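Asker: The following block contains the structure, expressed as C-alpha cells.
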C-alpha cells in the first residue's frame, strides 16, 4: 500500500470539506440569531432566580438508557470508549439532570431551580428542520410540589416569548389530574394510558376516529368514551370550564385538587398582570404518556400555529427515581430553540446581520495605521463595537466589504483629515457624511447606529 | 435471564449516579463563573467585529485526523455511527474551522473574522485540572497576512484579560521569522525543527542542557548553537532587542520582515494607549513546531505565572490546506477558559454565588400568594432579578435558604403590611429593614444590592 501511493500524491489530495448527514454549521447570521435567543432565555431564567448548571456530553449508557424504550436506544450515539466503557452522547437534558440531582442533592438542597442550555444528539432520520444535533433550553424547579412553582413556570414561559419579541402567542395549560379524576369516576382509571394515547390524536384525526379507537383497542364502553370526548371538548373561560370539570370529577380527590390548582393559577396570573388572552385552559392536551403528572404547558405562536408548541413542559411526581430513593417532584419546561428560530425566520422577525459591530474603520494612509487602530479603541472604550479593516486596499473594495457585512457607519480619514485633526463619519444608509473631532466621534456614531 | 430476575427487583435497583472518569458536572457556582468569563469573551470579540460561528461536535474522522499524529488519533473519541460512518468528536476548534472555511469560503468571503466558543473532547489521562471535556474560546482573522490583524489580535488578548478583571498580566510576543532568519544566516535552516524543539525546553532545563541537545542530537556546531542561545536570551526594551536582532539577521529577508512587523506592532500598541509593561518581546518563545509561521503570543498572569499561558496564539501561513487549494493565511488566539477559571479561583478574584438573583420574596400569608408573585414581577420589570420562594414554610427556614444561596435582600409581607399597603425590605448583610410602599420598593432594593 505504502509503496503504491507516492507521498506527493497523498499530500496533494484534498479531503472533502463536508459535515455529517443531519449535522450543520452555523454561519455568522445563524449563529448570531441563536446567540440572541439564548441570551434572552438566560436573562429571563436568571431574573427568576434559576441558576445555570452543566453536565457532560458523554455519560454511561446505562444512565442515559434508564428505563428508556428501544426507540431511545436506537437514536443514541453509543460506543465503547478507550477504557472499554459503554458510553453514549446525551439525547436530552432531563435524564442528565435526574442523575445530577441524585448525585449532588446534598450540595444543591431543595427547592432547587436550575436552567440548562446545552447541545443534545439523536440519530433520527434527518428531515426538514430536524437535525441530529440540536440545542435544548430547559428550566425546572425541583424538590417541591408547591403550586407557586407551577404558576412561576407559566410566568417564565410568558416572559420568554415576550422578551424574544413575540407579541401574539398562546400558552395552553392543562392538569393531568382533571382527566384522571374523570376516568376514576367513570371506571376507566386502569385504561388511562390507552385513553390518553387516543385523545392525543384528537386534533389530527377528529372525534369519530378517536371514539372508534377508545371503544375498539382501548376497550371503553360507548357512553364512557363519549364522556371523555365531551370533557376534552369543553370550552369557555378558564373559570367556566373549571366549574364544569369540578362537577364532572366531584368525588375524585385528585380531580378536585387539579381543579383547585388551576383555579389558583389563573387567578394569580391575572393578579400578576398577564394578558388573559395569552393563557388558555385546554383540557384536551396530554403531552406524553408517562412523565407528566400535574400541570401541562404548551405554547403556540398565533401567527404560525402549524409549527407546533415552541415551549412545553409540566409537573412530574418524581424526577430521579432511577437514581435515588428520595422523591423529587418538580415542574419545568423547555424552549424549542431551533423550532423557534425557524419560526422567527418564517415570520420575518429576525433581523439578520453578519457582523456584531456597527462601525467599520477603513484604512487609507499607510503612515497612520496606528491612528486607525487607536480610533477603533477609542470607540470601543465608548461602548461602540468597531471593526478596523485590516488592509490598505482601494476604498471602493472596503466599502463593498462594509455593504456585504451590513455595517451602519464608516469612519474614514486621509491626509487632509489627519492635518485638520478630524475624522469623516459616513452614514451607510443615507450616504450622508460629516467631519468631526475625535472628542465628538462616539456621539456622531451613536446618532447613526442608535 | 428474564425469568431469573423478578420485575420487582429490577425496578427497585437504583442506577448509580456518577459521571465518567475525566468528566464533570458544573454546579451553579462553577457554571455561573464560567458563564461570566464566556460573556466577557463574547463581548470583547464582538467589540472588534468578530462574528460567532459553530460547527458540529461530530465530524468524519478523516476530517479531524487530517495529517494528525498517532497521539491525536489515540485521544479522539472515535466510533462508527448507525450508518457505519467512521466519526469522531472534535478535539479542538481549529480543524473544524479549517473545514468550515474551505466549505463556506464563497459565503463568508475574506477577510473573515470569527470567534468560536465550544466544547471539545480528548481522551487524555485525567489529572488535576485536566479533563476529557473542556471548552475552547478561539478567535481568528483569516484571508489576510496584514500586520494590522496581528496587532489587533494582541489588542483583543489585552482587552480580554483586562475586562475579565485581571490587572497584572504580561503578553509575550515573538515572531517565528526572527529565529528562522538567524538560522538561515548561520546555516541551520534545515535543522530548525530540532533547534526549536531544544529551545522550547530552555525555561525548564536551562542553557547548558539545551546547548548539549543542539550540539548532540540536532547536530549544530558549538558556535552556531551558542549564537542561537545568545539570541534567545537577548533582553532590553522591544526596540533595543529588535535593533540587535536586525543586525544579527541582516541579509535574511524573512528575518528583516519579522523585525519590521514587530516594530510596527510595538509602536502601534503604544499609540493605542496600551500599558507598555503588559506587552513584552520575548524572542525565546516558540509555541509548537509546525503550525505557527509568524507572530506568536503567550499570556501570563503576573501573580500566578506557574499555571502557564492563559491565552496563546499566533500567525499561520495556511489554515485549510488539507481541504482547499486556496491559501488562507490567518492569525488568532485561544483563551484557556478552564485554566483561567482555576487561576481566578486560586487568586480569589472570583466572587462565588449560587443564585443569579439578588432578591428573595418570602411567603407568609397564604391568602396572598398572588401578591407575592405579583411583586416579584414588579421587581423584574424594574430590572431586578427576583426569586419568589415557592412554599409557605416557617420564615426561619426561608431565611436559612436565603443565607445559603447568598441573596442580598429579602422582601417580606404579612397581614399588617398588606393592610397598610407596604412591603418590608430587609438588608441581609446589615440586618436593617424598612417598610416601603410598592412604588418605592425597586429603589429601596437598588440601595441594598447595588
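Placed from the backbone N, Cα and C atoms, the Cβ positions cover glycine too.
Bear in mind that TrEMBL entries carry predicted annotations, made automatically and left uncurated.
Quick paste of what TrEMBL says about this protein:
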type    : residues                                                   : note
DOMAIN  : B:1-356                                                    : domain 'Aminoacyl-transfer RNA synthetases class-II family profile'
BINDING : B:92, B:93, B:94, B:122, B:136, B:140, B:287, B:291, B:292 : L-histidine binding site
Asker: When the pLDDT values for the domain 'Aminoacyl-transfer RNA synthetases class-II family profile' (B:1-356) are averaged, what is the result?
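Answerer: When the pLDDT values over the domain 'Aminoacyl-transfer RNA synthetases class-II family profile' (B:1-356) are averaged, the result is 91.
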Asker: If one looks at the chain holding residue B:292 (L-histidine binding site), which residues at least 6 apart in sequence have a CB under 8 angstroms from its CB?
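Answerer: Expected: B:176, B:314, B:315, B:316.
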Asker: Taking the Cβ of residue B:94 (L-histidine binding site) as reference, which residues of that chain separated by at least 6 in sequence fall under 8 Å from it?
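Answerer: For residue B:94 (L-histidine binding site), the qualifying residues are B:138, B:319.
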Asker: Taking 10 A as the limit, how many CB atoms besides its own sit near the CB of residue B:92 (L-histidine binding site)?
Answerer: 17
Asker: At a 10 Å cut-off from the C-beta of residue B:136 (L-histidine binding site), count the other C-beta atoms across all protein chains.
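Answerer: Here the count is 19.
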Asker: According to DSSP, does residue B:92 (L-histidine binding site) sit in a helix, a strand, or coil?
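Answerer: Assignment for residue B:92 (L-histidine binding site) reads coil.
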Asker: Should residue B:292 (L-histidine binding site) be counted as helix, strand, or coil on the basis of DSSP?
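Answerer: Assignment for residue B:292 (L-histidine binding site) reads coil.
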